[in-house]
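What follows is one structure encoded as structure tokens, with my remarks underneath.
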Amino acid sequence: MASSLLEPSLAAIALVILLASVSLSRKKRPAAPEPQGLSVLGNLFDIPKRASSIIYLALGKPYNTLTKRAVSQLQGYTPGSHIDATSHSPRVFRLPNLEETFSVFPDHGLNPNYTSARTDSRAWINQYTKVVCGPKMVAFMNNCEFELSNSHCYPYAGYKGLKATMDLTNILWLYDEYTDTGSGAEAVKAAGIVARALREPDYDDGTWVCRMMKSFKQNHIDKAGPGVARRFIDNFCNYVEVVGREAELREKNEVLDIPNYVTFRRETSAVRTCFDLVEYCLDLDLPQYVHDDPVFISGYNAGMDLVFWANDLVSYNMEQSKGHSGANVVTVIMKSKGVDLQTAVDFLGGYCEALTAQLLEAKRILQARSDAAYSRDVVRLMDAFGDWVRGNVAWSFETERYFGKENKRVKETLLVELKEPFVGALALKE
């Protein structure tokens, strides 16, 4: 297909999508034809004049209005022309209506295995939380109902698969809290322990991190297909390595530019590992040529980016109150481009609409192929990515993780009142 499939009015958003379509695989991709021109959105993201596989994808007609809205939100934008984020401190901002945007993905409800899997997963993770966390932090994490997110995001999984996803989610939250409070050196050391625990059968240094990861691998990853197991271990080891780098950036109070943050966030979000378990839960083990396919990559990246962009939006208030907002795309856009908070949030809402179109279009193209690995198996996977995207946002308004007792009010009004820094924040050992 040629780039002429893109309507001229959508060329701008295609360039934004381009940023989301690169770097999944560390292998170089064949160059694609160069699209015509740059736009206000291309300028915002400093996107070079080159194209990726998504340039081949036509955005579906129902999304024309949505993607044009993303462009119109920043029409007339000139870098530095808005209020500098460092000198402007609004107390309230409005979230984009992500539930409306993601309503194009079917609502498959909650997983019927939720209650039994939750009980067993919580008993398993509590072996490690009681070592790391104080009683108040344990109570807070229990109230966050992390396991409920898996019931939303994996509605099709059997008990075995759902328990695996809950165990992983509990690992990720515990590891995140642990590394958030430690130094960069401590995070790097923990990453080394994780890598050896996953890759060396006889390694055991006696730490809670080592025991936790070896137990998870034996319970779940050793039972997955060889491709899924290999990708999960590689992706998890890369995740903990980059989390160590995140801790070092936090110590230096360093904020990345937008392109580097995109690449960085794809790893620190750990969404790749969650998507590995999508294959596991669906009893799939896709061949590597599927994972290397450019159209598959564009759909995969769209789903992955939608998960962590949405997370950055809903978690911004919590993170800025803890002094961790530097590792959030809202701050990255504000700092890099000198725009105010609401402008950055509005842009991200439009960006999520464009990525939604990208995911659906990738699925449409792959479904038309004769190879059943695409037309049957990948379609199931892309549908499950939609469950993840929609379920992640639904859970974000049910948990107290991001908005505390105000979660239902925020869901209804979309208005978020900024917390004062460090007010109500819990220490890990508290």
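Glycine too: its Cβ is placed from the backbone N, Cα and C atoms.
Record features, source Swiss-Prot:
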type	residues	note
SIGNAL	1-25	signal peptide
CARBOHYD	Asn113	N-linked glycosylation site
BINDING	Asp176	Mg(2+) 1 binding site
BINDING	Asp176	Mg(2+) 2 binding site
MOTIF	176-180	motif 'DDXXD motif'
BINDING	Asn311, Ser315, Glu319	Mg(2+) 3 binding site
BINDING	Arg401, Tyr402	(2E,6E)-farnesyl diphosphate binding site
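Shown on the structure are the features that Swiss-Prot records.
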residue: Asn113; record: N-linked glycosylation site; Cβ neighbours (10 Å): 20
residue: Asp176; record: Mg(2+) 1 binding site; Cβ neighbours (10 Å): 14
residue: Asn311; record: Mg(2+) 3 binding site; Cβ neighbours (10 Å): 19
residue: Ser315; record: Mg(2+) 3 binding site; Cβ neighbours (10 Å): 21
residue: Glu319; record: Mg(2+) 3 binding site; Cβ neighbours (10 Å): 18
residue: Arg401; record: (2E,6E)-farnesyl diphosphate binding site; Cβ neighbours (10 Å): 20
residue: Tyr402; record: (2E,6E)-farnesyl diphosphate binding site; Cβ neighbours (10 Å): 21
Inter-residue C-alpha distance, Arg401 ((2E,6E)-farnesyl diphosphate binding site) and Ser315 (Mg(2+) 3 binding site) (nearest angstrom): 8
Helix, strand and coil counts within the motif 'DDXXD motif' (176-180) (DSSP): 5 helix, 0 strand, 0 coil
Pairwise Cα distance for Glu319 (Mg(2+) 3 binding site)/Asp176 (Mg(2+) 1 binding site) [Å, integer]: 12
Local backbone state of Arg401 ((2E,6E)-farnesyl diphosphate binding site), from DSSP in three classes: coil
Between Tyr402 ((2E,6E)-farnesyl diphosphate binding site) and Ser315 (Mg(2+) 3 binding site), the C-alpha gap once rounded to whole angstrom: 6
Any further residue of that chain within 8 Å (Cβ to the Cβ centroid of Asn311, Ser315, Glu319) of the recorded Mg(2+) 3 site: Asp312, Leu313, Val314, Tyr316, Met318, Asn328, Tyr402
Cα separation, Asp176 (Mg(2+) 1 binding site) to Asn311 (Mg(2+) 3 binding site) (Å, whole number): 14
DSSP three-state assignment for the residue listed as 'N-linked glycosylation site': coil
